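S.K.: Copying in the features that TrEMBL gives for the protein in this structure:
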- B:56-79: transmembrane segment (TRANSMEM)
- B:91-111: transmembrane segment (TRANSMEM)
- B:140-162: transmembrane segment (TRANSMEM)
- B:174-198: transmembrane segment (TRANSMEM)
- B:204-226: transmembrane segment (TRANSMEM)
- B:238-262: transmembrane segment (TRANSMEM)
- B:274-292: transmembrane segment (TRANSMEM)
Amino acid sequence: MTVIATESLSKRFPRVTALDRLSVDITPGVTGLVGANGAGKSTLIKILLGLSPASEGRAAVLGLDVATEGSAIRESVGYMPEHDCLPPDVSATEFVVHMARMSGLPPSAARERTADTLRHVGLYEERYRPIGGYSTGMKQRVKLAQALVHDPKLVLLDEPTNGLDPVGRDDMLGLIRRIHTDFGISVLVTSHLLGELERTCDHVVVIDGGKLLRSSSTSDFTQATASLAVEVTDTDEHPDGTAALRAALDRAGLTASPARRGADGAPASDHLLLVDVEGEETYDAVRDAIAGLGLGLVRMEQRRHRIAEIFSSDSDGSDSEGNGNGGAVDAV
Amino acid sequence: MPSETVPQQQRADVIHNIGYRHYEGPRLGRAYARRSLFAQSLRGAYGLGRSAKSKVAPMLLFAVMCVPAAIIVSVAIATDLKKLPVEYTRYAVMLQAVIGLYIAAQAPQAVSRDLRFKTIPLYFSRPIETVDYVAAKFGAMASALFLLTAAPLVILYTGALLAKLDFADQTKGFAQGLVSVGLLSLLFAGISLVIAAITPRRGFGVAAVIAVLTISYGAVSTVQAIAFEQDSTGVVRWLGLFSPITIIDGVQTAFLGASSSFPGGFGPGAGPGAVYVLVLLGLIVGSFGLLMRRYRKVGL
């Protein structure tokens, strides 16, 4: 059972190749679509909605062919654009009712579904006021509501957390999670913030330059790659305790590296070592190494690898992207 | 409507916990969506479903269109006239300034908003296609204009019958008048929508529509007057092709029994009239085509 299936899907414009033989199957659930700006995310969404023909290859959404059944696809898919798309002079209720009718809902059903949907996205009294006076967070909720109002089987959300403050972001991420768990609607969400996708997605698809870089479940990204953060004191014998410990761990056959700033949102520290955990014996080896050097142990804590770290090692060639991701995660 | 009552000890945000209900009802598809957009745009052209402020201008212009007709028929009834002092086909030409103001205000309202606030992608991510959007907006604007221009004709016709004027004569004139304002509505709607759809700025749209309608008419009638003074009446006939209202005038003079408002009444006969009809139809179809082209680009 797949929600979206593409088969060597390509889209070429006169000067650029936006998608390059992309083959990916997306199953029900929340799927994150990651890629730098210009990686082909928007082009992919356009093709999936049946609004732009592919240069070659095929794609199916909910089992419907995008080339021939675009109208049927758009009837059971919701789309939330990245940019502002709301007229300021009408109320959220009027606007969403109109959009529900544009999706084919009869007038009475459109009103009922609008009331339900606005409540689900967390808009109450303010839904009768003109949208022009809403905060960014409220506008994002209206945009989400218009994508959900016709009870689609799949929603495509383009950068839904753009422009939100941390609290608004948390709310939106929670809402996206609930779209799947509570409403039973599959979600394809694009973002360049990996930390967000890690929290909401079951599955992550990474595209770069129109090519599929990686497609795997979020747990694959994060499991079994636990690491241990270790901080030690310096002593007279070892003026740089961290370096001494690193050397000792290397001798013991363990992989240790200084904590980089940003990967998990923690501040950089020259005094923090990340040690890959290979099993229970790793903890003993670290303890023994520290005791052998006579250093003081400040802290030793378990860390999960974050998706971002994996990507930054995936994309060795593109430093700028790695940095961009790291910086972006910091903001979460 | 579902009951939204919440036990009082609960906080308001617990309303979240009311479960999600799926929609099992009918989905009426593309044709219904097109009709809904048409209805919404037509209502919007008279300010219905919009703020109270935006109802003022269209309603006022509608009244201004109808009042002279009401005065004409009351005079006709009171003084027992043998025929109406104004032809059905002449009425819209006389009040073209009002029609111009109306379409200049409403055409940008109908299309610029969706462009300016980028609502277009929301439409095109739904079952409708470009042609549905364009047809709904074009149809709504033409219908709004038809309402505006046909209402006074209905008043004239009703009044004429009440004044016991010749039934056959009046019905024929009324029918010709309706055909004429129908063509006028299509032409004006097409031209104004094309102009309005170029710019997402409403103000520019309003100004540009007024400019195109009035400047072209002013230029044509001035040159026509000069040509008439110099006795080149043949030129007067052809000059009418260069402004929307004179095209309508030419068509109805040639085929709808109207007397021309061109200088000296030198309207086109059947031969040049056919050219007028071709130009008229070409402009209507052409503006539809231009709108299609415009909206194919602004997709998602």
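Keep in mind that glycine also has a Cβ here, set from the backbone N, Cα and C atoms.
Caution: TrEMBL annotation is automatic and unverified by curators.
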S.K.: I need to check the long-range neighbours of the transmembrane segment (B:56-79): which residues 6 or more away from its ends have a CB within less than 8 Å of a CB in the stretch?
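M.R.: Answer is 45-47, 85-86, 91, 94-95, 98-99, 101-102, 105-106, 147-149, 151-153, 155-156, 158-160, 162-163, 165.
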S.K.: Are there residues at least 6 beyond the ends of the transmembrane segment (B:174-198) whose Cβ is under 8 Å from a Cβ of it, and what are they?
M.R.: 87-89, 91-92, 99-100, 103-104, 107-108, 110-112, 115, 137-138, 141-146, 149-150, 153, 156-157, 160, 205, 208-209, 212-213, 244-245, 247-248, 251-252, 256-258, 280, 283-284, 286-288, 290-291, 294-295
S.K.: Restricting to CB pairs under 8 Å, which listed stretch, B:91-111, B:204-226, B:274-292, is in contact most with the transmembrane segment (B:238-262)?
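M.R.: Ranking B:91-111, B:204-226, B:274-292 by Cβ pairs under 8 Å to the transmembrane segment (B:238-262) puts B:204-226 first.
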S.K.: For the transmembrane segment (B:91-111), which recorded stretch in the set B:140-162, B:204-226, B:274-292 gives the largest number of Cβ pairs separated by under 8 Å?
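M.R.: Between the candidates B:140-162, B:204-226, B:274-292, the best contact partner of the transmembrane segment (B:91-111) is B:204-226.
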S.K.: Given a Cβ distance threshold of under 8 angstroms, which distant residues of the chain, six or more beyond its ends, lie next to the transmembrane segment (B:204-226)?
M.R.: 96-97, 100-101, 103-105, 107-108, 111-112, 188, 191-192, 195-196, 198, 235-236, 239-240, 242-246, 262-263
